[in-house]
Amino acid sequence: MDKTSVERELSELREQIRYHGRKYYTEDDPEISDFDYDKLYRRLEELEAQYPELVTEDSPTRQVGGKVYNTFAEVVHEVPMESLHDSFSEEELRDFDRRVREAVDGPEYIVEPKFDGLSVALEYVDGTFTRGSTRGDGHTGEDVTENIRTIKTVPKRLESPIPFLEVRGEVYLSDSGFEKLCERQELLEEKPFKNPRNAAAGSLRQKDPKITAGRGLDIFVFNVQQIRGEEFTCHDQALERLRELGFPVPPSYFKSGDMEEILRFIREIGEKRGEYDFPIDGAVVKVNSFSQREELGSTAKFPRWAEAFKYPPEEKETTLLDIEINVGRTGVLTPTGVFEPVTLAGTTVSRATLHNQDFITEKDVRVGSRVILRKAGEIIPEVVSVVENPEGTEPFLLPEVCPSCGEPVSRHEGEAATRCTNPQCPAQLLRHLIHFAGRDAMDIDGLGPAILEQLTREGLISSPADLYTLTARQLAELERMGKKSAENLVNAIEKSKRNDLYRLVYALGIPHIGAKAAQLLCGSFPSMERVMAATVPELSEINGFGGVMAEEIVDFFSRESARELVDRLAALGVNMRAEEKEQAGSLFEGKTFVLTGTLPTLSRKAASDIIQRNGGKVTGSVSKKTSYVLAGEDPGSKLLKADSLGVPVLSEEELMAMLNG
Ligand SMILES: NC(=O)c1ccc[n+]([C@@H]2O[C@H](COP(=O)([O-])OP(=O)(O)OC[C@H]3O[C@@H](n4cnc5c(N)ncnc54)[C@H](O)[C@@H]3O)[C@@H](O)[C@H]2O)c1
Ligand SMILES: [Zn+2]
């Protein structure tokens, strides 16, 4: 390679790595897997080793982590929070051992699991927790004291009032905690975290510690950064003291002076990692003796006395036995492959998502396919490729009806997902209910996810309409619900019947129709009847409406189930009209009216208001530009003028007929 192409590759690599680093460290929202990130990083390291003269000070290989947000106060780390150098093979660990042996005599190592979470420092003064911070760029982190305080396993007072102690640890979310969080995020239609690490980092770095408190975070503490009043000579001694003081230390670690034995421990941790309830992305080998650590020192980014080992992703061939279709709470049909079980990255794998029809078609996944499955540490198992499609297998297509409710499913252009949009689909009931009762929708005070979950579990409701049949006595029987709050809830439900129409339209959960769109819709079509009767061309005329939105509305109301739901809601007394003041529409947009005479029921003011609310203008004199003359009894000369100019004349009745379509 010539020098300029090396320089080009270097700068491209650095840019890519910086971009993904920002997504990962600062935004907690990575786009690529750690495995792919590590490949880029490795390539950069290799090139820089080959061309040391091209290494720049700001290269990602010389910097730790990411920049900190200014959401939190800054904490300057007195002892830098370094990163770890990664090894990807046993050979590299043997190299590490050789380097260590060149510098110190007879090193002893400790090996621990490498927890996959967010690195933090905790400070204690006289045995009391005073401050917690993130790693940030290693020198400056974020002050997350209050958030860390919410983690139950972080000791707030130590067993002994040590004058000063700073420890380092990893805040993580257990696999089971991660699953719970994912479920809740799906229900609340929040953007889901991609893996437990990002979930832990995103949860810890919340502005509001109350949110952090609800996420079930946990911690492992694995290092003493600074201590005054006590002294240790080696790492395992420090770990044991930390345990005595009340810190959760790594549940298992091994000690040996023999790298081959250390490698055996690492393999063992790798084989067992599927059994742990905490996420790990490798193992860490550390020199035990603190004086030897000091002799070895650090590079710009890593200590020379420690090395991380990353388990490689594992791949195996297996057979796809079946494809199951699940309807998620958002109505999306997800195909899941069921495989002949194989052991991958320490866990038995028998299922993996097949994502959507495009994925299946592109790879030509069929029931009976021989496929390659892969699993890396933080990655959920995935189908890498199809090796062979034996004779007799057939291309797979997602069903045309929803497996939960039997209604036809739909798929929109440009969208990967196939969905069921039936508002009464049982699979989606809970999510529909949460959406229906939500603040921007029917805004039913006190009817949150927890109560709705109980109501569906007890079988008390099977449709949003059933909410309006609930009695205070039924509600009072729910867990944690007193008589008084049951009454309040019934009143809140009752009150929601009088909501403006747009709330109900939004509450129905029509795809692509948010609260704002529902408002626009009901401004132009101020009754449920008119909304339901509107055609695609009519709907497309609404300002701010795209063709997709118009189609979704027509598609939605063409369903028997949707019409039935609306009928039931109407029969139960739920308001089906837009409030007068909200009626502002576009029916008379660009039209000019002139009023004359006395109208049978409306005052002139009321008639002008109606015209204006529907986008029309009212002027005083008739001209060629006048669109209509609205005439009552005893009209004046304006009527004659209208006649002579050929301007159409309307009665109040005709005007109202126009308004009501
Ligand atoms: N997917 C992406 O886009 C993306 C982007 C950037 C980084 N990453 C991933 O982040 C990692 C690199 O990040 P890094 O430089 O922050 O280092 P790192 O996270 O790999 O290693 C250092 C960290 O390990 C933690 N750790 C866990 N258990 C430990 C133990 N027992 N002893 C000591 N330390 C322990 C420490 O807190 C320390 O901060 C790589 O795994 C990389 O794949 C991924
Ligand atoms: Zn369905």
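Just so it is clear, glycine is given a Cβ too, placed from its N, Cα and C backbone atoms.
Owing to the predicted nature of the structure, the values given are computational and were not obtained by experimental measurement.
As written in TrEMBL, here are the features:
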- Lys114: active site, N6-AMP-lysine intermediate (ACT_SITE)
- Asp34, Phe35, Asp36, Tyr37, Asp38, Ser83, Leu84, Glu112, Arg135, Glu170, Lys286, Lys310: NAD(+) binding site (BINDING)
- Cys402, Cys405, Cys425: Zn(2+) binding site (BINDING)
- 583-661: domain 'BRCT' (DOMAIN)
Among all the protein chains here, how many other CB atoms are within 10 A of the CB of Asp38 (NAD(+) binding site)?
16
For the C-alpha pair, I'd like the distance in angstrom between Leu84 (NAD(+) binding site) and the residue listed as 'active site, N6-AMP-lysine intermediate', rounded off.
10
The most crowded of the binding-site residues Asp34, Asp36, judged by neighbouring Cβ atoms within 10 Å of its own Cβ, is Asp34
Should we count any of the binding-site residues Asp34, Asp36, Asp38, Lys286 as near ligand 2, judged by a CB under 6 A from one of its atoms, and which?
none
What remains of the binding-site residues Asp34, Asp36, Asp38, Leu84, Cys402, Cys425 after requiring a CB under 6 angstroms from ligand 1 is Asp34, Asp38, Leu84
May I ask which residues of the same chain, at least 6 positions away in sequence, place their Cβ under 8 angstroms from the Cβ of Arg135 (NAD(+) binding site)?
Val64, Gly65, His77, Met81, Leu118, Ser119, Val120, Ala121, Gly141
Taking the Cβ of Lys114 (active site, N6-AMP-lysine intermediate) as the centre, count every other Cβ atom within 10 Å, in any protein chain shown.
23
Return the member of Lys114, Cys402, Cys405, Cys425 nearest to Asp36 (NAD(+) binding site) in space, with distance defined Cα to Cα and candidates limited to these recorded positions.
Lys114
Specify the nearest of the recorded positions Asp34, Asp38, Lys114, Lys286 to Cys405 (Zn(2+) binding site), where nearness means the distance between Cα atoms.
Asp34
Intrachain C-beta neighbours of Lys286 (NAD(+) binding site), sequence separation six or more, cut-off 8 angstroms
Tyr109, Ile110, Val111, Glu112, His235, Trp305, Ala306
Asp34 (NAD(+) binding site) to the residue listed as 'active site, N6-AMP-lysine intermediate', Cα to Cα, whole Å, comes out at 14
For each of Leu84, Cys402, Cys405, Cys425, count the other CB atoms within 10 A of its CB; which of these binding-site residues has the top count?
Cys402
At its widest, how many Å does the recorded NAD(+) site span between Cα atoms of Asp34, Phe35, Asp36, Tyr37, Asp38, Ser83, Leu84, Glu112, Arg135, Glu170, Lys286, Lys310?
26
Rounded to the nearest Å - Cα separation of Lys114 (active site, N6-AMP-lysine intermediate) and Cys402 (Zn(2+) binding site)
43
